[in-house]
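Quick notes on the structure that follows.
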Amino acid sequence: LCGLLLKDWLPWSLLLFSLMCETSAFYVPGVAPINFHQNDPVEIKAVKLTSSRTQLPYEYYSLPFCQPSKITYKAENLGEVLRGDRIVNTPFQVLMNSEKKCEVLCSQSNKPVTLTVEQSRLVAERITEDYYVHLIADNLPVATRLELYSNRDSDDKKKEKDVQFEHGYRLGFTDVNKIYLHNHLSFILYYHREDMEEDQEHTYRVVRFEVIPQSIRLEDLKADEKSSCTLPEGTNSSPQEIDPTKENQLYFTYSVHWEESDIKWASRWDTYLTMSDVQIHWFSIINSVVVVFFLSGILSMIIIRTLRKDIANYNKEDDIEDTMEESGWKLVHGDVFRPPQYPMILSSLLGSGIQLFCMILIVIFVAMLGMLSPSSRGALMTTACFLFMFMGVFGGFSAGRLYRTLKGHRWKKGAFCTATLYPGVVFGICFVLNCFIWGKHSSGAVPFPTMVALLCMWFGISLPLVYLGYYFGFRKQPYDNPVRTNQIPRQIPEQRWYMNRFVGILMAGILPFGAMFIELFFIFSAIWENQFYYLFGFLFLVFIILVVSCSQISIVMVYFQLCAEDYRWWWRNFLVSGGSAFYVLVYAIFYFVNKLDIVEFIPSLLYFGYTALMVLSFWLLTGTIGFYAAYMFVRKIYAAVKID
């Protein structure tokens, strides 16, 4: 058995691992590099404020930060709008390779900024909710350096520092029930000097953007009329407290420091994309691959051996065998292809599953090749939305052909159901959640024009393509079933307890979920904790394993069901094949309780609302994969036996 498994899977495994190794660290930067000369302005822009405690992003100027004379928002793509990004200019004046010791923002006649009671209360609330501020310079996000000591004995004085980075910088901090604001930002920008000819001026490229946030009270900052300031020496200064019950006066200041770096422009995102421990990821993925492939190989061999024995027994032509009564799955040959209840809804859900499968496969593959770089903000979500719309032609075609096979006649109604059932549920849930986000004045709320644009895409692109695919699928020859269906359905014997539908869902969901639960942790961290996800090489391998495991588990489950003489496998197989979605829901609840610090109602509602959409989509995806694998299996085995 081990020899057969190695012979079958080793070449493919080596190919996939080599592909994954090459693509997990490779990416196309997405934009052309910008060359700066000495003292050229480097624009600092603000993206948004985020917090993993509230899951509600806000615009930068929702807080009383210093504003430039003219506020200009960047034109954003669909993905950026859906992510809550609102990229806007800031008054920071940064010049290439030009140091600034201390500069005061929005200071008029050397007067500090006065925050009203309402503004102070809002700032204090955002600080207690652990909000982070996200800035970008030359499209490179700001990061805060964290130096952690490795685990060593306390007697060892030479402890090694483990340098990590977190996205953005903390708005402030709390200490002994007092709230402090980070009002001074020390920018550290790294540049790479480009090789030029002797008679040409040197050019520079920004390759890293760090910040050290500090809280310095008003009395310790000395400002002059030229908007320059002097930072306090040593650690004698006190932090800038924000009292939410009264007005607060403070300075917003910043300093700029430049350092030369050997990092080339094409590798400048590596720091942000390697923030997590990749070794643990590797070990977990390899462990999942070995376990899933081994179990899949065992299941395949058991099923193939059992089927060969069954088919050989059924095809014997001895007189003794002819007089014996049929038993097992051959006994239901006259009912196994009997159309199920609600064939239109079943075919519509499967059509949406095909639409999702095509979209996810293309997105993961393109992202694995490095074409959806995080430097192209919102590109991943924009690509996914447009691909889902255009994949409607494939979803409609598969749904139309299956509906015709199930003896359906109302193809126009079926096409409308396919085009609106799943997208309608998604749009309805998102609209309700969006109303709550609107009420919180968050930038995560989808603006009304964007919502109208999405509706136009749905009814102007997806709906016609689904109708087009459904029309050709319905006109195409239906699937050729190898046996005829009896006019009178046979009676189904009483089933054992382990053939219960819910028990089947629990049993069938374990193996596919085991193949992907490690990757699920990284995906959840990227979504709910504002991390970058760029492990698409791993994700592509996990997706292939998911398809294989779903297909084989669904074949095993439908074989057991037919052996129990229960021919109502259509809906049951679709539900059971998506059983891993139940475990995804359980894991999402576990993640919410143990990993996130969400206590308020609206953030909890957003988490479980979007999680419900993820679980629904995952159920459609895995259910569709399992259904078509089981359908091909059932047609194959009944075509292999002789039936009078």
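Numbers here mean position along the shown chain, with the first residue as 1.
Any Cβ shown, glycine's included, is placed from N, Cα and C.
Per TrEMBL, the features are:
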type     : residues : note
SIGNAL   : 1-25     : signal peptide
TRANSMEM : 282-304  : transmembrane segment
TRANSMEM : 348-372  : transmembrane segment
TRANSMEM : 378-403  : transmembrane segment
TRANSMEM : 415-439  : transmembrane segment
TRANSMEM : 451-474  : transmembrane segment
TRANSMEM : 502-528  : transmembrane segment
TRANSMEM : 534-562  : transmembrane segment
TRANSMEM : 574-593  : transmembrane segment
TRANSMEM : 605-634  : transmembrane segment
The transmembrane segment (574-593) touching the transmembrane segment (415-439) per 3+ Cβ pairs under 8 Å rule: no
Closest-packing stretch to the transmembrane segment (502-528), where packing means Cβ pairs under 8 Å, from 348-372, 378-403, 574-593: 574-593
Feature contact check the transmembrane segment (451-474) with the transmembrane segment (574-593), CB under 8 Å, 3 or more pairs: no
Range from 378-403, 451-474, 605-634 with the greatest count of C-beta pairs under 8 A to the transmembrane segment (348-372): 378-403
Same-chain residues at least 6 beyond the ends of the transmembrane segment (378-403) whose Cβ lies under 8 Å from its Cβ atoms: 30, 76-83, 85, 343-344, 346-348, 350-356, 358-359, 362-363, 366-367, 372, 411, 414-415, 418-419, 454, 457-458, 461-463, 465-476, 478-479
Outside the transmembrane segment (451-474), six or more residues from its ends: residues with CB under 8 Å to it: 78, 351, 385-386, 388-390, 392-404, 411-412, 414-416, 418-420, 423, 427, 431, 434
